[in-house]
Amino acid sequence: MQGQGLCLRVATLLTGLLECLGFAGVLFGWASLVYVFKAEHYFDELCEPDAGAMGNFTAQPDCKAQDERFSLIFTLGSFMNNFMTFPAGYIFDRFKTTVARLIAISLYTSATLTIAFISADSAFLLFLAMPMLTVGGILFLITNLQVGNLFGKHRSTIITLYNGAFDSSSAVFLIIKLLYEQGISLKASFIFLSVFSAWHVGRTFLLMPRGHIPYPVPSNYSYGLCSGNDAREEEKKTAESEKLELQSKESLPAKEDPSSPSEALGPGKQQEPRSFWSYVLSQRFAWHLVWLSVIQLWHYLFIGTLNSLLTSLAKGDRALVSAYTNAFAITQFFGVLCAPWNGLLMDRLKQKYQKEAKSTGSSAMTVALRSAVPSLALTSLLCLGFALCASVPILPLQYVTFILQVISRSFLYGGNAAFLTLAFPAEHFGKLFGLVMALSAIVSLLQFPIFTFIKGPLQNDPLYVNVMLVLATVLTFVHPFMVYWECRRERKSPATA
């Protein structure tokens, strides 16, 4: 039975990885898809002849309005990717895994079929299809993140691995672009993606729980193929595990949560359970939101405007634009290889600090937060390097930009999910993960007015915008510093008590 359970868990892990890799975050391969849409003459009516070269019949038309339309679609899709994470997290917490995944499959299949059957005349339907595609994808990711609970001490590594797979799935649109160049139509590619809904359904009922995967996992826990048709038994075991986890947390002294307003309640007294909103209004959550929002805005602005940027730097050379678009998409695929290093770093540091805590008396929460500090700082540093390279208008330098961008982005989302699991109670993870993504989505809406501002008043010169965004990136270093200071203060408190 133990061997059978292990095989099921490994099958769940690997198929979840394939699901995230092939479907969850395809929107972020937008630059490759825009290239195909332009070849199919989507929104071509928005292009105008270059007024400064009326006598030159070979001059490139002015397609600023077309680029803005594509940027608006990406802005809407990326906004929904984040904003809808909060209601998606609520659906997952409230209605459990099966319901959340069936909603995801419905949205995803509807989106791929819509894209398959639209044409240049009905291109406006992309405003409907891309948000559905992203919401379906984020639900796939949320329901798969719990798989990390099955593997105990490797939990952070698996969470970051799945987030890396989410990033790498943007390479799917590169494959569609390459197939298109070989004569495979856009319609055929998206119908092929639609057919995979049958695989998603099969995995939902055979390899995923009906409820939630608890943490820690009980020794007799079973799900999917091993649980048969007894859904009530699975829910009962999950509820028992959650009850034990809550009891263990409530039995810890107040110092166990350094963000608590009362750090010493005295002997014999238990810390009162904190509400969800007390965590939302904490300084720790606020700085994490700033950290995520600024770095994410850089990535969204870069991805959403990449086709326009490359067209400008390559002076309209379609062959060069295609080559650099392919290079960007290929680097995105390696996100799945970059992300686990962030999780491994956090897991190794956590194990190291746990050994130190036995002699220093530090709380489990302090140990978890200390392990996250290097990850947060490294992510900010990578984003700063990416931002500086992206700000230099030299075409060959963009290869370096692509590499730093994919490493930074894979560290960002994996680190975000892992930090939330370490810094806040597990029973609030779905809601906190959804809320931080939703609030950061509001900030990400700035990408469209920024793009319009660059194309209009700044006359396609992003220098001043880039300088402001680089300064904002420097601000993200405050978050790891604040977490480090919080841990340092907490480590001193046992000695002074």
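Including glycine, each Cβ sits where the backbone N, Cα and C put it.
Positions annotated as compositional bias 'Basic and acidic residues' by TrEMBL: 232-258. Residues or ranges marked as region 'Disordered' by TrEMBL: 232-270. Marked as transmembrane segment by TrEMBL: 12-37, 70-92, 99-118, 124-147, 159-180, 186-206, 285-303, 323-346, 367-396, 402-425, 432-451, 463-485.
The stretches the transmembrane segment (159-180) and the transmembrane segment (99-118) are not in mutual contact, being linked by fewer than three Cβ pairs under 8 Å (pairs 6 or more apart in sequence). Using a cut-off of 8 Å between Cβ atoms, the transmembrane segment (323-346) and the transmembrane segment (432-451) share fewer than three residue pairs, counting only pairs 6 or more apart in sequence.
A Cβ distance under 8 Å defines the sequence-distant neighbours of the transmembrane segment (463-485), meaning residues of its chain 6+ beyond its ends; these are 283-284, 287-288, 290-291, 294-295, 297-298, 301, 369-370, 372-374, 376-377, 380, 383-384, 387-388, 390-391, 423, 450, 453-454. By the Cβ criterion (under 8 Å, sequence separation of 6 or more), the transmembrane segment (432-451) is in contact with the transmembrane segment (70-92), since 3+ such pairs are found.
Spatially, the transmembrane segment (12-37) is adjacent to the transmembrane segment (124-147); three or more Cβ-Cβ distances between them are under 8 Å for residues at least 6 apart in sequence. In this chain, the transmembrane segment (99-118) touches the transmembrane segment (124-147); three or more CB pairs sit within less than 8 A of each other, excluding pairs fewer than 6 residues apart. If you look at the transmembrane segment (285-303), the same-chain residues 6 or more away from its ends with a CB under 8 A from one of its CBs are 28, 30-31, 74-75, 78, 82, 279, 309, 376, 379-380, 383, 386-387, 390, 401, 405, 408-409, 412, 416, 419-420, 423-424, 432, 436-437, 439-440, 443-444, 446-447, 450-451, 469, 472-473, 475-476, 478-479, 482-483.
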